[in-house]
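J.: Before I ask anything, let me first share the structure, which is written out below as structure tokens.
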There are 2 protein chains.
Amino acid sequence: MINKKPLILVTNDDGINAPGIRALIEVMNTLGDVCVVAPDSPQSGMGHAITINDALYCNRINISKDEPQEEYSCSGTPVDCVKIAVNEILDRKPDLCVSGINHGSNSSINVIYSGTMSAAVEAGTTGIPSIGFSLLDYSLEANFEASKKIVKTIAEQTLKNGLPNGVVLNVNIPKLNSTEIKGIKVCRQANAYWQEKFDKRTNPLGRDYYWLSGEFVNQDKGQDTDEWALENGYVSIVPVQYDLTAHHAIKEINSWELQ
Amino acid sequence: MINKKPLILVTNDDGINAPGIRALIEVMNTLGDVCVVAPDSPQSGMGHAITINDALYCNRINISKDEPQEEYSCSGTPVDCVKIAVNEILDRKPDLCVSGINHGSNSSINVIYSGTMSAAVEAGTTGIPSIGFSLLDYSLEANFEASKKIVKTIAEQTLKNGLPNGVVLNVNIPKLNSTEIKGIKVCRQANAYWQEKFDKRTNPLGRDYYWLSGEFVNQDKGQDTDEWALENGYVSIVPVQYDLTAHHAIKEINSWELQ
């Protein structure tokens with residue numbers, strides 16, 4: 001092969017102009033040839049949504065002439081971005097797909113709501129080694145300096161080792177500077193949920209409406225979870241699978257009177 | 001307890017007026033007290049999306065005065081419907097949440113895109129035994145007669161036996177009449193993916209746009225999968241978990257040079 005540099009697809013859910021994806025692109029440019037296909041506007045909380053009843057727009061853009069990556073801005077969801085990148089934009093399968101760096105946590109149960117992680121999962125379903133990165137700081141002014149080193153280490157190791165079939169990585173990074181981060185832990189997803197609180201208001205026409213808000217409840221006291229790692233100053237890596245089968249439950253449900 | 005009838009939450013992703021949810025409500029009315037909270041418009045392919053940057057509307061409606069259920073139409077996604085039902089509308093935790101009957105398959109990898117299944121998963125995360133039902137017929141004129149008996153059997157068994165912690169059921173029903181359906185099989189999710197094909201068009205202003213379409217590719221030859229069951233005339237039940245941790249991969253990734 002003439003070109004041995006890996007091809008890296010970069011996406012996110014905060015939108016193509018978010019500081020988090022800019023930090024991710026900067027790191028990926030040191031590792032390979034980078035193509036960015038990301039939503040043209042914020043798509044947080046979109047989960048694994050796809051656009052099936054609407055047209056998709058996807059345009060090449062130039063954010064900076066000094067940077068080597070190709071960039072495309074897409075009107076769809078994070079998962080749409082991966083689908084259009086893999087099937088329309090790229091002429092070969094990427095060696096790595098990275099999504100993020102998300103502004104805010106995608107640890108524990110948040111993985112199922114996360115557009116960042118759903119993009120990584122989507123790429124994973126087509127056989128591309130994929131990683132979602134998130135920093136535990138929701139601010140648009142979040143500082144990604146410490147994250148860059150972590151991202152580089154994990155992306156390099158993924159390029160080197162590959163990933164087991166059917167597995168993508170969910171990486172969460174605590175809001176700490178480099179000297180404060182204690183290390184990287186491979187974890188299981190903590191057993192937690194959202195206790196929602198709806199804020200009920202009345203619009204100027206007298207009609208009631210609601211804002212969704214909620215409180216994160218971690219009912220898992222294990223020290224092998226992503227929540228424990230993050231609370232104790234570690235970066236968490238959860239290997240995530242998209243075979244959702246609860247294999248352990250098959251026998252029990254087979255004992256039901258179903259026929 | 002004076003009232004021993006179970007409380008059943010019904011939702012879907014095809015919208016509150018879809019024939020599939022009407023069939024599901026009809027069955028649930030024979031099993032308990034029914035509250036319907038469903039999207040006011042089709043939300044297929046919404047996955048686990050939630051509405052975080054927009055207000056939600058949720059209004060009580062009367063579809064038929066002759067039917068006993070309470071019904072609420074909600075502007076949000078299927079997952080929003082479950083959140084608002086559990087936290088704002090219902091005064092106690094439902095004994096069962098059922099979602100569907102979806103017009104079209106949610107077998108195999110489709111589970112990750114499915115609003116129907118995401119609603120069931122959302123209810124599951126709050127400890128409610130939950131089932132998503134889908135019929136392998138995308139038509140709005142789909143015939144749900146054979147499905148009703150299947151739905152009743154599985155819902156009754158779920159009410160009677162409960163579900164293992166962290167597990168919800170993904171039920172798919174072949175497009176067959178009652179005499180043709182061979183039985184019910186508890187299965188694992190087939191290892192399949194979508195090979196997308198984007199249809200590129202040009203709008204009247206000269207701008208290119210895309211329609212997402214694709215081909216379902218089942219690379220799994222196992223006879224213990226949902227795809228095998230459905231192709232062979234069986235109803236499939238896949239127990240689905242939302243702990244996405246690939247536990248088997250933790251050891252391998254722990255061997256990486258991460259520090």
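Here the Cβ of each residue, glycine as well, is placed from N, Cα and C on the backbone.
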J.: Select one of A:S44, A:S64, A:S73, A:S139: the residue that TrEMBL places in the divalent metal cation site alongside A:D13, A:D14, A:N102.
T.: A:S44
J.: May I have the list of same-chain residues other than A:D13, A:D14, A:S44, A:N102 whose Cβ is within 8 Å of the Cβ centroid of the recorded divalent metal cation site, in sequence order?
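T.: Along the chain, the qualifying residues are A:N12, A:G15, A:A18, A:G20, A:P42, A:Q43, A:P78, A:G100, A:H103, A:G104, A:S114, A:G115, A:T116.
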J.: So if I draw a 10 Å sphere around the Cβ of A:S44 (divalent metal cation binding site), how many other Cβ atoms end up inside it?
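T.: Excluding its own Cβ, A:S44 (divalent metal cation binding site) sees 23 Cβ atoms within 10 Å.
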J.: Grab the pLDDT values for the domain 'Survival protein SurE-like phosphatase/nucleotidase' (A:8-196) and give me their mean, rounded.
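T.: Taking every residue in the domain 'Survival protein SurE-like phosphatase/nucleotidase' (A:8-196) and averaging pLDDT yields 95.
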J.: By a simple count, how many Cβ atoms lie within 10 Å of the Cβ of A:D14 (divalent metal cation binding site), its own Cβ left out?
T.: 25
J.: When each of the binding-site residues A:D13, A:D14, A:N102 is checked against chain B, which show a C-beta distance below 8 angstroms?
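T.: Out of A:D13, A:D14, A:N102, none lie under 8 Å of chain B.
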J.: Could you tell me which three-state DSSP class A:D14 (divalent metal cation binding site) falls into?
T.: coil
J.: What number of additional C-beta atoms lies within 10 angstroms of the C-beta atom of A:D13 (divalent metal cation binding site)?
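T.: I get 33 for this one.
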J.: Near the Cβ of A:N102 (divalent metal cation binding site), how many other Cβ atoms are there if near means within 10 Å?
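T.: Its Cβ has 31 other Cβ atoms within 10 Å.
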